[in-house]
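The following features are taken from Swiss-Prot:
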| type | residues | note |
| --- | --- | --- |
| DISULFID | 26-37 | disulfide bond |
| DISULFID | 31-48 | disulfide bond |
| DISULFID | 50-59 | disulfide bond |
| DISULFID | 78-89 | disulfide bond |
| DISULFID | 83-105 | disulfide bond |
| DISULFID | 107-116 | disulfide bond |
| DISULFID | 123-134 | disulfide bond |
| DISULFID | 128-143 | disulfide bond |
| DISULFID | 145-154 | disulfide bond |
| DISULFID | 158-314 | disulfide bond |
| DISULFID | 301-305 | disulfide bond |
| DISULFID | 319-476 | disulfide bond |
| DOMAIN | 24-60 | domain 'EGF-like 1' |
| DOMAIN | 74-117 | domain 'EGF-like 2' |
| DOMAIN | 119-155 | domain 'EGF-like 3' |
| DOMAIN | 158-314 | domain 'F5/8 type C 1' |
| DOMAIN | 319-476 | domain 'F5/8 type C 2' |
| SIGNAL | 1-23 | signal peptide |
């Protein structure tokens, strides 16, 4: 802090300052407004080192500077404003130690100090989560997030499967440069077989032998944040085949493509692939990419270029992670229903609401309502108000009989008693969501605008066989 130094040699009462006896001339401090007393060389002499804005022998007057040409004049303690960085000066009977100063500075966010002169280092409190790197800025901070996280504080996870394995991404959305045909054309290894963990005799995509620059392409149908990819090989005629390395390209229109680069360079990134035909191998994109179309270009293959895969990422909002139906984070007691069904009226075949978890396995692996009508519901208590941005549904089989919900409505509540049915904003009526077409394929619906609520109800509106449901909610608990 700059200080003006007024040096005055005081002898006796000649300048109106009491004569001090022997001892410390600066005790008590004769300097006002936070001035620092400095003993002089001669007995009874001292000087006052005054803070900015104060003058006179004992720092008792405030300096007002109207312009470079005008002489300083005395004014109130807030003129000129002693507060830095946009701080607001307020007249106050304030003390700094034992000294009356007459004002306080109200500092804007990001600054502190008596005169708001210090920039706060927000990174000291480690605001960046999940391995994010914090950079302190002037009155602010920024977080550089790992590829699979996003948000101001890297608080949103963005690494969920985008739907190749589960079937949210349809066959028509998966295309390729070529298809391998074997056994006189009877076996066709189409691109839409390239689904992670797919089973069967023909369970992957294989490029044609004469395809010198093969690729497989995923159309996500809208721009999404893509943070990684999982690859897997397969066996063809008993022989392991897989992709050892590959490149990634992306596009927003399917025509103009950009290759994913090594960070900070213009060099195409070559990703490590698989080392056998069955073990999945994941690569993350740091930084992630935002695109509607993603292409994978095999570089080195074992025998033929054979692939099963999944893309990882989330909606652009970043708030579209599974809330815990499949993982079990949502516990059994949080899932209730209007009624339940028992096959053959036997307790061991009870289709309880707690079984309504996406991809649940077993003979009894879903919720089925006791009645087939439009008054049935499956309810999830999220325990706290939560932003819900999507839902995935799935049917099931009861002793070989295919059952699923073909369409449904959604309702939400914060107290579990008063419910609101989600509306179609354009048509201004209850929104009916498209459900499933079979018992096993995932069907995802985006909830836009999102729901903010603690309790969510799925209201079956049409069904095949019986109201049978496995499900997952997508969203996040919002944090600053």
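One is the number of the first residue shown, and numbering goes on along the chain from there.
Including glycine, each Cβ sits where the backbone N, Cα and C put it.
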- prompt: Relative to the Cα of residue 107 (disulfide bond), which of the disulfide-bonded residues 48, 50, 78, 143, 476 have a Cα no more than 10 Å away?
  reply: none
Chain residues outside the domain 'EGF-like 3' (119-155) and at least six past its termini with a C-beta under 8 angstroms from it: 85, 108-112, 225, 227-228, 284-288, 312, 314, 318, 479-480
Statement: Candidates 83, 105, 134, 319 (disulfide-bonded residues) passing the 10 Å Cα cutoff around residue 89 (disulfide bond) are 83, 105
Statement: Reading the DSSP string in three states, the entry for residue 123 (disulfide bond) is helix
Field: Cβ-Cβ distance under 8 Å to residue 116 (disulfide bond), same chain, at least six residues away
entry: 83, 84, 85, 86, 87, 105, 107, 108
Task: Mind checking which of 134, 158, 319 has the fewest other CB atoms within 10 A of its CB? They're the disulfide-bonded residues.
output: 134
Field: Mean of the pLDDT scores, which run from 0 to 100, over the domain 'EGF-like 2' (74-117)
entry: 80
- request: Consider the disulfide-bonded residues 48, 50, 143, 154, 476 and say which one has the Cα lying nearest the Cα of residue 134 (disulfide bond).
  value: 143
Message: Around residue 31 (disulfide bond), which of the listed disulfide-bonded residues (145, 158, 301, 305) come within 10 Å, judging by Cα atoms?
response: none
